[in-house]
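What follows is a short report on a single structure.
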Amino acid sequence: MANLADDLAATAAKAAASPSYKQLKEDFVSNLSGGSVVEIAQVCAVAPVVSLLWSALQARQTFFKPYNPLAFVVDFLLNVGALLLSVTLYSSVPLLLNILLLVPAAAVYFSLSDNPSARRKKPQLPPNAQSKASPGPPGALSTKPFLTNYRGNMMVVTCICILAVDFRLFPRRYAKVETWGTSLMDMGVGSFVYSAGVVASRPVLKERADGRSTPLATRLVRSLRHSLPLLALGVVRLLSVKGLDYAEHVTEYGVHWNFFFTLGFLPPFVALFQSALRLVPSYAGLAILLGVLYQVVLETTELKAYILAGPRTDFLSMNREGIFSFFGYLAIFLAGQDTGMLVLPRSLVPRDGAPGTTGSRRRALVLRLAGWSAIWITLYLLCTDYTYGAGLTVSRRLANLPYILWVVASNSALMLSFALVDTFLFPAFYKAQDAKAEKEAYHTATSRVLQAYNRNGLAIFLLANLLTGLVNMTVRTLDVGRIPTMGILGGYMAVLTGVAVGLDMYNITIKL
């Protein structure tokens, strides 16, 4: 009897000493150091390379028109499947995956005809685009295919990673870094904010085109209408995580804070900063100024030590990562808004001031994107280089100046890559003379899958979060092997894509 009691006591002690599954999951995403910037760039490069292959199929073979079930399957495999492979089975060899995608892209482009002149032949305009008699001239702003492809790919990768990170197949170096370093998911968070900034420039451009200015009070009221749904989602996520005893990574945003709160507080602060344009007439200038000031405060006060090692005794200290990193995300948003001011206007006048042809305006757009990419990359190198620069280290937890510059430089370069693909393979589609022709030309040059993700991005992101929670509550993700992991992730992305494309087909836009 005594032996039985001893055995039970030993078993109970062993169970108490062994970590719970929740603790194992929290440890699985904690204390990570990330990977190299070069490898992350190679993974990110898969998206524009896939765009090149898709565009070659469309420009040379009109493969995705009409958009039948086969076209959808190929569209899904390229724009979702290839990105899924880049962070799972090909995560250790992203350069190889890029090569495997480039080879068929080149083959498709050059195999159209044995006649060299036919190979260089530009895609023909759609019938509507060739007509100049259609009513309704296009407006001052346009929705460019390369911008949709960029934002759609960003959303696809984000949705993949938020679930894939819970499986062992997803490399730990791609998961969010604890404090110092770079990772793919750190880039993804910043890219989401940057992309939101790009599209947020549209109402500002409309105001300028109409020659009007909205008072600050009106801008604040409008911004609050955008903020309230996001803040409500943040509260719902907070209550669900606490109520379901879901695994948490406290040092990511804090005890109560989450990414929805960060997104929700951006609009009113951006509305305030718009008034500062009278002093600093550039969103990029405001972004750099804010980032530099924030970094100076981090380096010259106790703020950095407080964020990284302070006790959690009150609401501010419990959520210090989310609250103070907000300034970094605000700078990223403003930088994205500056890019939007560049890429959204229909006509970009060359530097010589002459109206120019369609080709010259498109070259001007690409050159200015290239110029800004070079500027951001140079600033990032000056900020992080130990020999010729400041020698600072990237920290997503702080959202410090190196992190801001890394995110903006990478996204500027990515957008430039998509713009080059667009310019090279679909130059003729931008000669449309009316709104109807331009719309048809846009659909011809844009992936239906990426267009669907771009159209209802925030709603799909919310659905992805719900499905991620559902999978984690029903599956012990740490115990799943490679093949079942791919099956779960593939099914999850198929559901998200099906919902996104279904909403797009029925012309439904969910605004949050």
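The backbone N, Cα and C atoms fix where each Cβ goes, glycine too.
Per Swiss-Prot, N-linked glycosylation site is recorded for Asn31 (among others), and the stated evidence type is sequence analysis. In this structure, Asn31 (N-linked glycosylation site) belongs to neither helix nor strand by DSSP; it is coil. Within the same chain, residues at least six positions away from Asn31 (N-linked glycosylation site) with a Cβ under 8 Å of its Cβ are Glu178.
Positions annotated as N-linked glycosylation site by Swiss-Prot, on the basis of sequence analysis: Asn507 (among others). Residues within less than 8 Å, Cβ to Cβ, of Asn507 (N-linked glycosylation site) and separated from it by at least 6 positions along the same chain comprise none.
Residues annotated as region 'Disordered' in Swiss-Prot: 118-140.
The transmembrane segment annotation in Swiss-Prot covers 37-57 (among others).
Feature annotation from Swiss-Prot assigns transmembrane segment to 70-90 (among others); the stated evidence is sequence analysis.
The transmembrane segment annotation in Swiss-Prot covers 92-112 (among others).
Among residues of the same chain six or more beyond the transmembrane segment (154-170), those with a C-beta under 8 A of the stretch's C-beta atoms are 25, 28-29, 47, 79-80, 83-84, 87-89, 91, 176, 184-185, 188, 191-192, 195, 449-450, 453-454, 457, 460-461, 464-465, 467-468, 471-472, 477-478, 480, 482, 485-486, 488-489, 492-493, 496. According to Swiss-Prot, the transmembrane segment annotation covers 154-170 (among others).
Per Swiss-Prot, transmembrane segment is recorded for 180-200 (among others).
As annotated by Swiss-Prot, transmembrane segment applies to 253-273 (among others).
What Swiss-Prot lists as transmembrane segment is 279-299 (among others), and the listing cites sequence analysis.
Swiss-Prot lists 323-343 (among others) with the feature transmembrane segment. With a threshold of 8 Å between CB atoms, the same-chain residues lying at least 6 positions outside the transmembrane segment (323-343) that come near it are 144, 147, 190, 193-202, 204-205, 253-254, 257, 262, 265-266, 269-270, 273, 282-284, 286-288, 290-291, 294, 303, 307, 316, 365, 368-369, 372, 376, 396-401, 403-404, 407-408, 411-412, 415, 419.
Residues or ranges marked as transmembrane segment by Swiss-Prot: 364-384 (among others).
Swiss-Prot lists 401-421 (among others) with the feature transmembrane segment, giving sequence analysis as the kind of evidence. Packing against the transmembrane segment (401-421) from elsewhere in the chain are residues 37, 40-41, 44-45, 47-48, 51-52, 55, 144, 146-147, 149-150, 182, 186-187, 190-191, 193-195, 287, 291-292, 294-295, 328, 331-332, 335-336, 339, 343, 365-366, 369-370, 372-373, 376-377, 379-380, 383-384, 392-395: each is 6 or more residues past its ends and has a CB under 8 Å from a CB in it.
Outside the transmembrane segment (458-478) by six or more residues, the chain places 21, 24-25, 28, 155, 158-159, 162-163, 166-168, 192, 233, 237, 240, 244, 246-247, 485, 488, 492, 495-496, 499-500, 503, 510, 512 with a CB less than 8 A from a CB of the stretch. Feature annotation from Swiss-Prot assigns transmembrane segment to 458-478 (among others); the stated evidence is sequence analysis.
Residues or ranges marked as transmembrane segment in Swiss-Prot (evidence: sequence analysis): 483-503 (among others).
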Please give the sequence-distant neighbours of the transmembrane segment (364-384): residues at least 6 beyond its ends with Cβ less than 8 Å from one of its Cβ atoms.
284, 288, 335, 339, 342-343, 348-351, 356, 390-394, 401-402, 405-406, 408-409, 412-413, 415-416, 419-420, 423
Using DSSP and three states only, what is Asn507 (N-linked glycosylation site)?
coil
The transmembrane segment (37-57): which same-chain residues, six or more beyond its ends, come within Cβ distance under 8 Å?
63-64, 74-75, 78-79, 82-83, 86-87, 91, 94-95, 97-98, 101-102, 104-106, 108-109, 146, 149-150, 153-154, 157, 173-174, 182-184, 187, 406, 410, 414, 417-418, 420-422, 425-426, 445, 447
Name the range, of those listed as 180-200, 279-299, 483-503, that has the largest tally of Cβ pairs under 8 Å with the transmembrane segment (70-90).
483-503
